[in-house]
Amino acid sequence: MEQTVLVPPGPDSFNFFTRESLAAIERRIAEEKAKNPKPDKKDDDENGPKPNSDLEAGKNLPFIYGDIPPEMVSEPLEDLDPYYINKKTFIVLNKGKAIFRFSATSALYILTPFNPLRKIAIKILVHSLFSMLIMCTILTNCVFMTMSNPPDWTKNVEYTFTGIYTFESLIKIIARGFCLEDFTFLRDPWNWLDFTVITFAYVTEFVDLGNVSALRTFRVLRALKTISVIPGLKTIVGALIQSVKKLSDVMILTVFCLSVFALIGLQLFMGNLRNKCVQWPPTNASLEEHSIEKNVTTDYNGTLVNETVFEFDWKSYIQDSRYHYFLEGVLDALLCGNSSDAGQCPEGYMCVKAGRNPNYGYTSFDTFSWAFLSLFRLMTQDFWENLYQLTLRAAGKTYMIFFVLVIFLGSFYLINLILAVVAMAYEEQNQATLEEAEQKEAEFQQMLEQLKKQQEAAQQAAAATASEHSREPSAAGRLSDSSSEASKLSSKSAKERRNRRKKRKQKEQSGGEEKDDDEFHKSESEDSIRRKGFRFSIEGNRLTYEKRYSSPHQSLLSIRGSLFSPRRNSRTSLFSFRGRAKDVGSENDFADDEHSTFEDNESRRDSLFVPRRHGERRNSNLSQTSRSSRMLAGLPANGKMHSTVDCNGVVSLVGGPSVPTSPVGQLLPEVIIDKPATDDNGTTTETEMRKRRSSSFHVSMDFLEDPSQRQRAMSIASILTNTVEELEESRQKCPPCWYKFSNIFLIWDCSPYWLKVKHIVNLVVMDPFVDLAITICIVLNTLFMAMEHYPMTEHFNHVLTVGNLVFTGIFTAEMFLKIIAMDPYYYFQEGWNIFDGFIVTLSLVELGLANVEGLSVLRSFRLLRVFKLAKSWPTLNMLIKIIGNSVGALGNLTLVLAIIVFIFAVVGMQLFGKSYKDCVCKIATDCKLPRWHMNDFFHSFLIVFRVLCGEWIETMWDCMEVAGQAMCLTVFMMVMVIRNLVVLNLFLALLLSSFSADNLAATDDDNEMNNLQIAVDRMHKGVAYVKRKIYEFIQQSFVRKQKILDEIKPLDDLNNRKDNCTSNHTTEIGKDLDCLKDVNGTTSGIGTGSSVEKYIIDESDYMSFINNPSLTVTVPIAVGESDFENLNTEDFSSESDLEESKEKLNESSSSSEGSTVDIGAPAEEQPVMEPEETLEPEACFTEGCVQRFKCCQISVEEGRGKQWWNLRRTCFRIVEHNWFETFIVFMILLSSGALAFEDIYIDQRKTIKTMLEYADKVFTYIFILEMLLKWVAYGYQTYFTNAWCWLDFLIVDVSLVSLTANALGYSELGAIKSLRTLRALRPLRALSRFEGMRVVVNALLGAIPSIMNVLLVCLIFWLIFSIMGVNLFAGKFYHCVNTTTGDTFEITEVNNHSDCLKLIERNETARWKNVKVNFDNVGFGYLSLLQVATFKGWMDIMYAAVDSRNVELQPKYEESLYMYLYFVIFIIFGSFFTLNLFIGVIIDNFNQQKKKFGGQDIFMTEEQKKYYNAMKKLGSKKPQKPIPRPGNKFQGMVFDFVTRQVFDISIMILICLNMVTMMVETDDQSDYVTSILSRINLVFIVLFTGECVLKLISLRHYYFTIGWNIFDFVVVILSIVGMFLAELIEKYFVSPTLFRVIRLARIGRILRLIKGAKGIRTLLFALMMSLPALFNIGLLLFLVMFIYAIFGMSNFAYVKREVGIDDMFNFETFGNSMICLFQITTSAGWDGLLAPILNSKPPDCDPNKVNPGSSVKGDCGNPSVGIFFFVSYIIISFLVVVNMYIAVILENFSVATEESAEPLSEDDFEMFYEVWEKFDPDATQFMEFEKLSQFAAALEPPLNLPQPNKLQLIAMDLPMVSGDRIHCLDILFAFTKRVLGESGEMDALRIQMEERFMASNPSKVSYQPITTTLKRKQEEVSAVIIQRAYRRHLLKRTVKQASFTYNKNKLKGGANLLVKEDMIIDRINENSITEKTDLTMSTAACPPSYDRVTKPIVEKHEQEGKDEKAKGK
């Protein structure tokens, strides 16, 4: 991080912005221009300074700057951000310290920054009241907009609003300027909105533009202005827009997939949905009506006669809807189909294509656009069961396959991909926030350093007084300003956080403490407590600490000293430090913090806190041996120091027993001091010092090393404390007089007698048992409330009323006693108490108002008592916290959502309200407004809310019918898209932020052991004690031998202790049981000799601790290591056994220092493995059995025993044989298959029935035989300890029982019949036999505990809504119906129950009946809520609720309209939150399990992973032999043409065009269009045939070696055949056009060529990766469906056909059952299937109805079985399957994105080999060195090396074989290494990869490299140098000789010649120097040598190489 320029913080940094400042800025700008006339913009953006993110406009001023001097508020100041130092800007700060940045240029060219008008405008603009005014205006405006027909006077109000907005804009424009400079009005996009709104307001006023209501909708945008006014919302909207960008790839993929599916749908179902059942033959009346008169001239024997003939008009007849067959109460005619498995018409009707499509004609596949809409609806799963049923009815049941594909691939996959992308985006955003926080922390530390330097002197001056202050509470506030300044800064934000928390938790939660009187008088005010201690709190960013730094190994062990502590429960804990002379390598200064080393987590650096970790124990209630221990100098002398860590991870060291152990403060475990084991001079090494520096703010040795340092530490601490107090006093929420008042009136401690009373009451009320009793009362009270039902007897009602009174009394008493015990002031300091008080008050108010009508709602508040359970139930607590957190965290998002809902509701009302009123007859037969309309704001809001719930299609049909298609589609689609983004974002954010692994795992150790656990613990101890006493008594009376007793005693002690500690996961330190470790990590022996004293800190230790820092500390070991809980103490037969097991314990203890569980032993966490396959059977019986019954012990050495043993071994071999297993699996499948035949028609098929009966017997015998064999082979012990065997055993038992019953003739008994249905479980046996399914099941079983926990919490949560529903609606859903028409009577005819009874007496057609799913009791309430939560069947429940009036009264249309809100609230909290919570839990769980069984990559660095993955891909590929180019010239030309990329791409374009022509087809196109399309199709067929022929010519027989080519060939052949035989094929097979659709798959090939499609490739890659896992889940789902289908057939085959059950969708046959179950897998339409099953008695059904062809009578259902069947199926399929689906996809998506982010991907290697093929046509795997340069240039990035690349290639040092050839892998390795960078760890991986390559390519020529490119170059260079040196030598010689002779001859010219000689030699030297540089360059570029691929032992091969060379020559 580059050093940020730090402005001196504090008030000195503010300067007024004056004319001089402006001049200075201008001067700087001029200087910069002079220096740098042409600024390079791009460069500046990349590397230049960036604006400081903390000083952005709109943010608050960082607190480091201190307070703004009052005279500077709202005045122009110089810019603080160094970035703007040479830009013309200034800032203004308002009272709230918000930063406003303005341009310093003249606004509107006339107003300079110093103009008084502009100054006033700025003051107004920055004032908080201004934004408040605007906010209020907007809200009022919104209220006016919701009026559907506003009165006339509102017109004037409109003008007022417009005026205010105009005023606002003018102020902004005057203050900021209009648009030219930065920070002017129009530079802010939010102001565009204002501008548009105002412009429109004036335009519509003065210009008449026609449709006013459409324009009025523009005013709605004003609501969006709220976003620009509230600061937090802008960022949220920004984030949403970002996530939309991220989603672009998924959107494209989704649209593409939908188009493909829509095309398939278009081809398959075009026109099918118009098939109707038309009456045929027509009746006489209809014949006459549809006859046309025709004048025909006929020739009678030559005479022409004119006749009128009546001809039947077929077309008009079939279009007449009167002759269509309608089911009663349905708007559309019944569909039918002409294939055998489609819907059939009743007698007297025939199936004809006529009339319009269903649902006003909007549901169809007739054109591409409607098909697309249908598919989109399928994907969003809205009312898709309707589409599914219509299509299957019209086309046939086989087409279920189409829906399965679309639902699984389209719906689940794509929608979850959107989820995955949003989750990733969110995760990245979080990461960014974290990094930013870390950076802030670092910057903050820098600033602190600066402050420290400035204030060092002041601090030293204050040191003397400071040490007094820490002892004298009254001396607060005498410090010098500067030092208080420092600490103010350093602790302010932490204080802010603490103050925020203080609202809730100010005092200690005194529950469960038995205190001595002197220990803590409540009367001491908090200030005095605070002054007794000192706290360090340094700014830490909340986010950083609370998030993900947990490791599974980090549970600290707390030691409970019950045996020797005077006060067991006082919790103390201690910091202690260890001198590091001996073990420098240790990880950091806290011995117990091994796994979260501060050095790793940047964010934690320099802040003194101990991180809270997952699984940490917070209660170390170690005994306190002495109260008056001596402390560090300057610490309070009243006792030990506590260190508490608050929820932000800030450590506070707090003095003495007067500490409030608040539930938030987390106590650190006791850390124990050993006498120093190091040399006493306390030397520290240099690395140690460095470590200290890096974590300077831990309480580390620095503080304790020498006295002066220590003194300073203390003084700093006290300075901090005092300032903290001042700060708190200055920040107290109320004026001081209130505090005085509360001290006098709210703290009651006037008389000592009262104090005694108080003390006694305190002892009673705070006792854990009282808490337990209260909890039991809460549960009972909840039960009482849940027992209300309708109709209730008087007596029962009375019991409930009395019960309520009693409970109210109990809770009131509890409250008053607590107030007495704690004083009102402290009582109301705690959240739970306030909550209790609120509820109690409400209950009392309710009792007072019991008889007032209409206040029954108050009763619902009693339900809140259920939440008191959260106090002692961690998961519920967590859920409430999560909901609380997320409501907080998502406050802004929720607000955005609310604004959006509001806007759309108003838009809908303005646009469509009028249409709904005018065209209502189109959608309602009685011309009354339907329930869902947009005529007023409330209904409009409900429609938008319903769309947000995902139910948009039905309301959209209505809207399209009344208001036109285009507008409705636009509005609804917008709501849908925004819904998906925002709602998904919302809930994902919620889940991800609230669900870090710690949340779930840390549930069991919340804050401290809660009172319930303490109470239960005591009960356990009591029971154990009583047991022991009885046992001892028995021993003494009956057993004389004292010896036995002696042995038993220690065991019981141990047992007893074990009970004590295991409940709390802690190991006890007993007199003879110290399971603690000393420094070396060994466990001390557990003899009686070792004493505990060693571990308890002696008083004198404190001093030695200070004077000699080289102390060692022993830390409690972690839970994982204490195997004491796991020792089976019952098995100890004697002392020696005990010793042995303790030794075992020692061995198994961890050897890691300071300890957490050893990483090396993952055995504890691995799944239970199947027993290994030994060839010897195991023992038959357990050892217990053998000891009891001696007869079970047989010697296997001789006689019968030996025969028995041999028999067992034979059986064992049989059972273990593969064939046996295969045979059994085959039998299981057959017997399961047999069950599918037992349907409604079995009685008519006698032969099949007989066969099945015999088969059943055979199967049963086989399975019994298998079971017996396994018993003999494995023995009972092994067989019955395996869960899968138990499953087999139980299923065999069921068959056996029913077989026996049949033989005895009891087959008709009810019990036996119901047993027979259990045969449906047979397929479960297949589970253990199929690996894939078993994996899924195991994963699920792992998730069950947490799923159950959440399920329970959800049930509690729903219970509240259910009881509330019972209170609101019980008995009010009854209504009087006309049984003939099914209509409800109007209120005018029937007002109440008695009226209805009178009607019934008069005629039989009326009936007083209830809605089937209602709120008459809590059970039905749950069912209703489930229907509401799944949005299936919720309409009827809601309508009934909204119409209800009172018990026994006839309902009236929308009487209690606002009951809708009950459902809205439930959907938000009950449905969205809880269901998403499930998804969260499941995903979280899978992640945890993955971590648990995590693969090898946990132990790899990121770099290694990248390299490893690259290599992994490498190893699997090998160069393919390309198709040889044909020798023939013509063929060769064609070959070149066909293999070019352009050819491929043009074919792709043709495919796409072909698709477009297919899209154009419609069902009712004219013959002309049909003929044109068929011609176009002909052209395409010709073109594709041409492609096929060309490829065949050029590729010859190689054409058929490529899969795609075969596919193309088949499609072409089919198309040609299809042209001629179209009629025939369509009649018998699928339309041939379908094959063309499959061609679209070829587009997948083109994706590789497009650079931009990387994202889409990643998504498809993720799909490919998820397929195996998804297949397993699918298999499991099929199994579940199969079992449920069988079960459904045996139970519901004969129910009455109504609502969702009809002739096609029923449980009569296996196929139909599967069709129904597939539909409810997505919970679609389950209410319809359940409704008929709820009929249990006449008149709803007829129990005596005869079913033809079967002996079963009646068509009644079994409600309890039905409800269980559907609810369990929905839970299993929804939770399990759908969520596992999500987990798998999220997982693979993240893997895929990681892969795509890697520097080298699969595609790069493919590209390498594709290019390779061109250079190595014969696939020799070698390439000549000359070609290498071209090859490297031909590759694409990142592997390519652009030319000139000779030197780089030489530098790569590639091994060459004879003929200067290089192997492809060597090249690829070298290039890969170049991309990934060098790393020393790669060699091992590399060898691995080479081995893998050798294995996969046995063809690899084993070759012997002779040399390498570098060596070759070096050889060449050496040769050249030698040559040149020799030549030079020769030249010199000749020159010398010549000159010598010459000299002889001509001495005169000698000098001249010498000069020449020198010149020549220089010239030569120059040449050789260039050669040298060449050489140095090539070696310089050379990274460490690249070894060969098959790297043999180098020396050996070099020798061999030389020999070969010699041979070669």
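Any Cβ shown, glycine's included, is placed from N, Cα and C.
A sphere of 10 angstroms centred on the C-beta of C345 (disulfide bond) encloses 21 other C-beta atoms. The disulfide bond annotation in Swiss-Prot covers C277-C345 (among others), and the record cites similarity to another entry as its basis.
Annotation source Swiss-Prot lists disulfide bond at C336-C351 (among others). Close to C351 (disulfide bond) in the fold, though at least 6 residues off in sequence, lie N275, K276, C277, V278, C336, G337, N338, Q344, C345, each with a CB less than 8 Å from its CB.
For C921-C927 (among others), the entry in Swiss-Prot reads disulfide bond. Within the same chain, the residues at least 6 positions away from C921 (disulfide bond) whose Cβ sits under 8 Å from its Cβ are C927, listed in sequence order. DSSP classifies C921 (disulfide bond) as helix under the three-state reduction.
The number of other CB atoms found within 10 A of the CB of C959 (disulfide bond), across every protein chain shown, is 27. The disulfide bond annotation in Swiss-Prot covers C959-C968 (among others).
Swiss-Prot lists C1376-C1396 (among others) with the feature disulfide bond. Note: C1376 (disulfide bond) has non-local neighbours T1384, F1385, V1390, H1393, D1395, C1396, L1399, A1406, R1407, W1408, Q1450, i.e. same-chain residues 6+ apart with C-beta under 8 A of its own C-beta. DSSP assigns C1376 (disulfide bond) to a strand segment in the three-state reduction.
According to its DSSP assignment, C1741 (disulfide bond) is coil. Neighbour density for C1741 (disulfide bond): within 10 A of its CB lie 20 other CB atoms from the protein chains shown. According to Swiss-Prot, the feature disulfide bond maps to C1741-C1756 (among others), an assignment based on similarity to another entry.
The annotation phosphoserine is assigned in Swiss-Prot to S470 (among others).
According to Swiss-Prot, the feature phosphoserine maps to S523 (among others).
As annotated by Swiss-Prot, phosphoserine applies to S525 (among others), with the evidence given as a large-scale study or a structure entry.
Per Swiss-Prot, the feature phosphoserine maps to S550 (among others); the stated evidence is a large-scale study or a structure entry.
Under the heading phosphoserine, Swiss-Prot lists S551 (among others).
Per Swiss-Prot, phosphoserine is recorded for S607 (among others), and the stated evidence type is experimental evidence.
Residues annotated as phosphoserine in Swiss-Prot: S730 (among others).
Annotated phosphoserine per Swiss-Prot: S1516 (among others), in sequence order.
Summarising the annotation, Swiss-Prot assigns region 'Disordered' to 28-60 (among others).
According to Swiss-Prot, the region 'Disordered' annotation covers 458-528 (among others).
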Other parts of the chain folded back onto the topological domain 'Extracellular' (1689-1711), taken as Cβ under 8 Å at six or more residues beyond its ends:
343-344, 389, 392-393, 397, 1236-1241, 1316-1317, 1320, 1719, 1725, 1727-1733, 1735, 1740-1742, 1747, 1750, 1752, 1754-1758, 1761-1762, 1765
Quick one: pull the CA-CA distance for C1756 (disulfide bond) versus C959 (disulfide bond), whole Å only.
39
Which range out of 110-454, 750-1022, 1200-1514 gives the repeat 'IV' (1523-1821) the most CB pairs under 8 Å?
1200-1514
The repeat 'I' (110-454): mean pLDDT?
86
Three-state secondary structure of C345 (disulfide bond) from DSSP?
coil
May I have the DSSP-based helix, strand and coil counts for the residues of the topological domain 'Extracellular' (385-397)?
12 helix, 0 strand, 1 coil
Restricting to the chain of C968 (disulfide bond) and a gap of 6 or more, list residues whose Cβ falls under 8 Å of its Cβ, or answer none.
F912, M956, C959, M960
Among the disulfide-bonded residues listed here, C927, C1756, which has the most company in the form of other Cβ atoms within 10 Å of its Cβ?
C1756
Using DSSP, break the topological domain 'Cytoplasmic' (1-128) down into helix, strand and coil residues and give each count.
53 helix, 18 strand, 57 coil
Which residue counts does DSSP give the topological domain 'Extracellular' (953-965) for helix, strand and coil?
12 helix, 0 strand, 1 coil
Per DSSP, to which secondary structure element type does C351 (disulfide bond) belong, with helix, strand and coil as the options?
strand
Three-state secondary structure of C968 (disulfide bond) from DSSP?
helix
I want to verify one value. Collapsing DSSP to three states, which class is C277 (disulfide bond)?
strand
